[in-house]
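Step one of this worksheet: look at the structure below.
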Amino acid sequence: MSSDHEEDSLYGATELFGEPDGFYEKPAESHFAEYERSAVPAQSARRDTQVRIRLVGSSPLWGHLLWNSAIYTARHLDAHPEQVVGRCVLELGAAGALPSLVAGLLGARQVVATDYPDADLVGNIQYNVDHVIYGGKPPTEAPHVAVEGYIWGNDYGPLRRHLPPGQTGFDLVLLSDLVFNHTEHHKLLQTTRDLLAPAGRALVVFSPHRPWLLEKDLQFFETAAEYGLRAELIEQVTWAPMFADDPGPAEVRARVYAYYLTHCA
């Protein structure tokens, strides 16, 4: 028979089978961010000025933050409603999907908001669409703002099925804060080229969160030529950086770059 000391060592005293610290920590809870449409254009189908979006609590894909690039993109859409109203819009890597929501409020004919097919991430986008576009109720007919889980470069069928009959490309493709994925540049450009309508344009917006890799970020626009896409700088603006204490010059991290991509003639 084992002694009391031996029993303690096997069943608790040494915590041989104890869970590691943090094993029972609850995952971070989702949270909300408010966006104000400061200049709603006359052409907008909806006059909503406040857009309240839910963000996942945490995400290895950085979908838990409302990035400067998403805010810039949303403002750009309101400033250029002719690019959206009555047109078909695709957003890649949508995260909280603010630009897609604004496109839906503006009166796009069809919006498809996509991100990596993670259940929490895609479910959160669907929540935002349901609540911002449809008032928290399921749409009674085919939704003009749809949500899809999508991996760049994969089969386009699930995205194209949302397009009107006879149309195979989107009039506007949105890429907000995606070019930091340097290994994915080719897949992003392939997807953009193949899903962009002949006379369409892509709006690419990003901030150099790692200033020492800015050259690699910008390489995206050089590589675009290999895919028959022409890059045009719209502007570079300076906002407050996302994270004040991140490494690298704050002046560089505060930049927001915006480009158009169009098919070469």
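Cβ atoms here come from the backbone N, Cα and C positions, even for glycine.
Ala95 (S-adenosyl-L-methionine binding site) falls outside any helix or strand according to DSSP and counts as coil. Here Swiss-Prot flags Trp67, Gly93, Ala94, Ala95, Asp115, Trp152, Ser176 as S-adenosyl-L-methionine binding site, drawing on sequence analysis.
Per Swiss-Prot, region 'Disordered' is recorded for 1-25.
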Local backbone state of Trp67 (S-adenosyl-L-methionine binding site), from DSSP in three classes: coil
A correct count of other C-beta atoms within 10 Å of the C-beta of Ser176 (S-adenosyl-L-methionine binding site) gives 28
Starting from each candidate's C-beta and looking 10 angstroms out, tell me which of the binding-site residues Ala94, Ala95, Asp115, Trp152 has the most other C-beta atoms. Ala94
Under 8 Å between C-beta atoms and at least six apart in sequence, can you list the same-chain neighbours of Trp67 (S-adenosyl-L-methionine binding site), or say none if there are none? Ala95, Ser176, Asp177, Ser207, Met242
